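Engineer: What follows is a single structure, and I will ask about it in a moment.
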C-alpha cells in the first residue's frame with residue numbers, strides 16, 4: 001500500500017534545463033531563419049570535418065567490442081534467471097517492427113539517389129561505378145556495423161536490468177560503478193541526463209520533421225490538398241491531440257495494435273514493391289552490392305576524404321553514425337527489455353542477424369525501386385526536389401508503381417500510423433525520463449506527456465521551416481556529440497561492474 005501512495009511528478013533538475021535550452025534554441029531559430037541557417041552550416045562543417053574521425057573510430061572500436069562479447073568470457077552468461085520472455089520468432093519480429101518508422105521509409109526511398117548523384121571516391125555522378133556502389137553504401141550505413149554497436153549497449157542495459165536489478169530510466173543510473181554513487185546521483189549525473197534529454201528531444205523532432213512531409217505529400221496526391229508548412233503544422237497538431245486523447249482515455253492498447261498493424265503493413269508494402277518493381281533485378285543488385293560492400297569495406301570504415309574534400313563521408317557516414325549514436329540509449333533500452341533470459345551471445349547474434357536483415361530488406365527493395373525508376377527515366381528526381389522538395393520525390397517513387405492509387409493509400413496509412421506511434425513513444429520516453437517515482441510499466445503524468453509531445457512537434461515544425469536536409473542533419477550531428485561520450489561511459493561502467501560482479 002505504501003508504494004501505491006507514491007507521489008509522481010516532474011524531476012526539476014532534468015525537466016526544466018532541457019525545456020529551457022530547447023525552447024531558447026527554437027526561439028532564436030524562428031526569430032531569424034536566415035541567420036539560423038548560417039549557424040547550422042557552420043556547426044555542420046565544424047563537427048563533421050574536425051570530429052568526423054572520432055565517430056568512425058567509435059563504430060570500429062564498438063565492433064571489436066561486439067566480438068569480445070560474442071567470443072569472450074561473458075558469451076554464455078544469461079541476462080536474468082528467467083527463461084526468455086518471448087519466442088525467438090516473436091523476438092525477431094519485434095526487432096523488425098522497431099525498424100519500420102516513417103523516417104526509415106524516408107531514407108530508404110531516396111538515399112540511393114544522393115549516393116549516385118554525388119558519389120564517393122571521386123566517381124563520376126550517375127556513372128555505372130556510382131550506381132554499383134550506391135546500394136552497397138546503404139548496406140554499410142544500415143548493416144551489421146551499427147547494429148553491433150547497439151548490441152554492446154543492449155547487453156549493458158540488460159545486465160543492469162536483469163542481473164544487477166537496477167531501475168534504469170536515465171543513463172546516469174548506470175554510471176554508479178564508473179564514477180561512484182555520489183557523482184552519478186549528483187551534479188555530474190544530472191549533466192549527463194540533460195545532455196541525453198536535449199539530444200533525444202532534437203532527434204525525435206528530426207524524425208517528426210522527416211515523417212510529416214511524407215504524410216502531407218500523400219494527402220496532396222490523394223486528395224489534392226496543397227502541401228504547405230501550415231498543413232504540416234496542422235497535421236503535427238492533430239497527432240499531438242490524438243496522442244493526448246489516447247493517453248487520457250486509456251487507449252494505449254489501441255496504440256499497440258496500431259504498432260502491430262504498422263509492422264504487418266510494412267511487410268505487405270515491401271512485398272508489393274519487390275514483386276512489381278522487379279524481383280530478379282533486386283536480388284541481382286543486392287548480391288552484387290554485398291560483393292561491393294566487402295570489397296570497399298576497409299575504405300568505407302575509415303573514409304574521411306581529407307585530400308579531395310568531396311564531402312561525402314561528412315554528409316553521410318558521419319551523419320549516420322551520429323544518428324545511430326543519438327538513438328543508441330533509447331533503442332538499446334528497448335532491445336534489452338525484450339531480451340530478458342537470453343545469453344549474451346544470443347542477444348548479440350540475434351540483433352546483428354535479425355536487425356541487419358530488417359534494414360537490408362528495406363533499403364534493398366526501396367533503393368532498387370528508386371534506381372530502376374531513375375534508369376528508365378520514369379521520374380526526374382532532381383527536378384522534383386528542386387521544385388517541390390525531397391518528400392515529393394519520395395512520394396513519386398511510390399506513385400510510379402502499378403495500382404498507384406491503392407499503393408499510395410497503403411503508403412499513406414503506413415506513414416500516418418508510424419508517426420502516431422512515434423509521437424506516442426516520444427512523449428512516453430521523455431516523460432518517463434523527466435519524472436520522479438515513475439516505475440517501469442507505469443504511466444507518467446498525462447500533462448507531462450502532452451507537454452513533451454508539443455515541444456517535439458514544435459521542433460519538427462521549426463526544422464521544416466528551415467527547409468532542406470542540412471538542418472535535420474545538423475540537429476542529429478550536434479546532438480550526437482555529447483551522446484558520443486555518454487554511450488562510452490555507459491559501456492565502460494558495464495565492463496567495470498561486470499568484471500567485479502559477473503563471475504562464475
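Residue 1 is the first one shown; counting continues down the chain.
Backbone N, Cα and C atoms are what each Cβ position is placed from, and that goes for glycine too.
Keep in mind it's a predicted model, so treat the numbers as computed, not measured.
The transmembrane segment feature in Swiss-Prot is assigned to 13-30, 52-67, 91-98, 132-151, 187-219, 231-248, 254-277, 312-335, 350-372, 404-431, 447-466, 469-490. The topological domain 'Periplasmic' feature in Swiss-Prot is assigned to 31-51, 99-131, 220-230, 278-311, 373-403; the stated evidence is experimental evidence. Residues annotated as (R)-carnitine 1 binding site in Swiss-Prot, with experimental evidence given as evidence: 142, 323, 324. Per Swiss-Prot, 4-(trimethylamino)butanoate 2 binding site is recorded for 323, 331, and the stated evidence type is experimental evidence. Annotation comment: Swiss-Prot describes 327, 328, 329, 330 as (R)-carnitine 2 binding site.
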Engineer: Which one, 52-67, 132-151, 187-219, 404-431, 447-466, has the most C-beta pairs under 8 Å toward the transmembrane segment (13-30)?
Structural biologist: 187-219
Engineer: Rounded to the nearest angstrom, how far is the Cα of residue 324 ((R)-carnitine 1 binding site) from the Cα of residue 330 ((R)-carnitine 2 binding site)?
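Structural biologist: So the alpha carbons of residue 330 ((R)-carnitine 2 binding site) and residue 324 ((R)-carnitine 1 binding site) sit roughly 11 Å from each other.
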Engineer: Just going by other Cβ atoms within 10 Å, which of the binding-site residues 142, 327, 329 has the emptiest spot?
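Structural biologist: Fewest other Cβ atoms within 10 Å, among the binding-site residues 142, 327, 329, is found for 327.
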Engineer: Which three-state DSSP class does residue 327 ((R)-carnitine 2 binding site) fall into?
Structural biologist: helix
Engineer: Are there residues of the same chain, six or more positions away from residue 324 ((R)-carnitine 1 binding site), whose CB falls under 8 angstroms from its CB, and which are they?
Structural biologist: 59, 146, 149, 150
Engineer: What residues in the same chain, six or more past the boundaries of the transmembrane segment (447-466), come closer than 8 Å to it by Cβ-Cβ distance?
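Structural biologist: Counting only partners 6 or more residues beyond its ends, the transmembrane segment (447-466) has Cβ contacts under 8 Å with 10, 15, 19, 22-23, 26, 29-30, 33, 36-37, 40, 201-202, 204-206, 208-209, 212-213, 229, 232-233, 236-237, 239-240, 243-244, 247, 423, 426-428, 430-431, 434-435, 472, 475.
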Engineer: Quick one: what's DSSP say for residue 142 ((R)-carnitine 1 binding site), helix, strand or coil?
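Structural biologist: Looking at the DSSP assignment, residue 142 ((R)-carnitine 1 binding site) belongs to neither helix nor strand, so coil.
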Engineer: What is the three-state DSSP composition of the topological domain 'Periplasmic' (99-131), stated as helix, strand and coil residue counts?
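Structural biologist: Counting residues by DSSP class gives 20 helix, 0 strand, 13 coil.
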Engineer: How many other Cβ atoms are found within 10 Å of the Cβ atom of residue 331 (4-(trimethylamino)butanoate 2 binding site), counting all protein chains shown?
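Structural biologist: Other Cβ atoms found within 10 Å: 18.
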Engineer: Quick one: largest C-alpha distance among 142, 323, 324, binding (R)-carnitine 1 per the record, in angstrom?
Structural biologist: 11
Engineer: Go through the chain and flag residues at least 6 beyond the ends of the transmembrane segment (91-98) whose CB is under 8 A from any CB in it; none is fine as an answer.
Structural biologist: 84, 259-260, 262-263, 266, 331, 334-335, 338-339, 342, 350-351, 354-355, 357-358
Engineer: Taking the transmembrane segment (469-490) as the reference, which of 132-151, 254-277, 312-335, 350-372 gives the largest number of Cβ pairs under 8 angstroms?
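Structural biologist: Ranking 132-151, 254-277, 312-335, 350-372 by Cβ pairs under 8 Å to the transmembrane segment (469-490) puts 312-335 first.
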Engineer: Are there any residues in the same chain, six or more apart in sequence, whose C-beta is under 8 angstroms from the C-beta of residue 323 ((R)-carnitine 1 binding site), and if so which?
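Structural biologist: Residue 323 ((R)-carnitine 1 binding site) has long-range Cβ partners 203, 476, 480.
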Engineer: Quick one: pull the CA-CA distance for residue 329 ((R)-carnitine 2 binding site) versus residue 142 ((R)-carnitine 1 binding site), whole Å only.
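Structural biologist: If we compare the Cα positions of residue 329 ((R)-carnitine 2 binding site) and residue 142 ((R)-carnitine 1 binding site), the gap is 17 Å.
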